[in-house]
Each structure stands twice: as structure tokens, then as C-alpha cells.
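**Q** Dropping a structure here in C-alpha cells format, bear with me for questions.
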Amino acid sequence: MQTVAVIDYGMGNLHSVAKALEHVGAGKVLVTSDASVIREADRVVFPGVGAIRDCMAEIRRLGFDSLVREVSQDRPFLGICVGMQALLEHSEENAGVDCIGLFPGQVRFFGKDLQEEGEHLKVPHMGWNEVSQTIDHPLWHDIPDRARFYFVHSYYINAGKPGQVVGRGHYGVDFAAALADGSRFAVQFHPEKSHTHGLQLLQNFIAWDGRW
């Protein structure tokens, strides 16, 4: 039976992610902060919610910045929400925070005066929104283009390499909704809260061999 490690660094609704993974037949799902268990897992999921400063402080305190670099190289790895943002180089949040740097690019604030065609948009971006599949990827299998996923975020990703952006969203500005590089895949939305399409993405992750 394959094992899926959900990295626990004290920030994130980990059990809802774990339950969704179990629901799609992920095998043995372990919510853990044990580096040895994470290293031995067949697949790794890196969720996160909250302020990036607090997240990165805990990630560094636990040595998970180097661990994430290590385990994401050679097995399927999925970053979710702030777990995705932590994989970028830098975030504007909390007066500026350096992140893990696996994906080039910046995490930027939507702004207090975000508008679309003259209409004021609330920040955070919260609710259902379409994701355009800009590049084909195994994790999009059986998910229609422009399917709707559930988002909750005040900061968005401006990716440094367009070729790594496999999904885009729009909320006042265009932003990277999904990034991919080798065995790494990361999403701004919450697949565990996104009903049919979110569960399909998690099922695709469980079936994925990490090649792209």
C-alpha cells in the first residue's frame, strides 16, 4: 500500500485534506511532522493557511524548507494554497518574506482597490472561480477546462516562468492558479473543498507517476 505524507507544520486544515485523500483511495495517509516519515512516503502533500511570515517561520524552525526541496525532487509532490505560495521566491505579505524558492516568481497583494470593469472587488478572493488549463498536465485528466474550484486568498502568484503555469485564474488580475515543474505540482485553490473537480484532481495526483 502506498503512503501519502501530509506535512504538518502547525498551519493548515490538514485533516480535511487527509480525509479527501482517503476518500479518493490514497492508501495510507499520514498527517505528520516527522521528517523520516515524510522522506519514506511515496507521495507528499504540502498544505497551508494563514500568514506567510508565520508559515515560513515554522517551516524554517522545523527544517522543512530543505526537506521540501529534497522530497519534491523524486516523487509526486502537491502544494496547496499557502503551501503553494511558500514554494515561490518571495511574498509581499508581512512587509516581505523570503520563501523556499522552488518556483521563480513573486506573491503579490491583490490590493485594497481591486476593480473589474469599474466594479470594486472584495479582498480576499473567496469563493468559486474558473481555472483555465493553459498547459496539459496529468493532474488535469478528466477535469474540463475552465472548471470551477474554491479559492480563499488575499495574495496571488505572479510566476517567473510562464512555462510552469499550467492553470490560470482571474480576479481583477490574471494569476497563476496552478504551477508544475517535474514531479512538483501546486495549486492556489483548495481541492479538498472543490467537490467533484477537486476530488478528481486529488485522484489524479494519487495515480500520477510524477513524470511531466
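Cβ coordinates come from backbone N, Cα and C, glycine included.
Quick paste of what Swiss-Prot says about this protein:
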type	residues	note
ACT_SITE	CYS81	active site, nucleophile
ACT_SITE	HIS190	active site
ACT_SITE	GLU192	active site
DOMAIN	3-212	domain 'Glutamine amidotransferase type-1'
**Q** In angstrom units, rounded to an integer, how far apart are the Cα atoms of HIS190 (active site) and the residue listed as 'active site, nucleophile'?
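**A** Cα of HIS190 (active site) to Cα of the residue listed as 'active site, nucleophile' measures 6 Å after rounding.
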**Q** Would you mind checking how many other C-beta atoms are within 10 angstroms of the C-beta on HIS190 (active site)?
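**A** Counting Cβ neighbours of HIS190 (active site) within 10 Å gives 21.
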**Q** What does the structure give for the C-alpha distance between CYS81 (active site, nucleophile) and GLU192 (active site)? Integer Å is fine.
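**A** Counting only the Cα atoms, the answer is 11 Å.
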**Q** For the domain 'Glutamine amidotransferase type-1' (3-212), what's the mean pLDDT in this predicted model?
**A** 97
**Q** Below 8 Å Cβ to Cβ and six or more residues apart, same chain only. Which residues does that give for GLU192 (active site)?
**A** ASN13, SER16, VAL17, LYS19, ALA20, ILE80, GLY198, LEU202
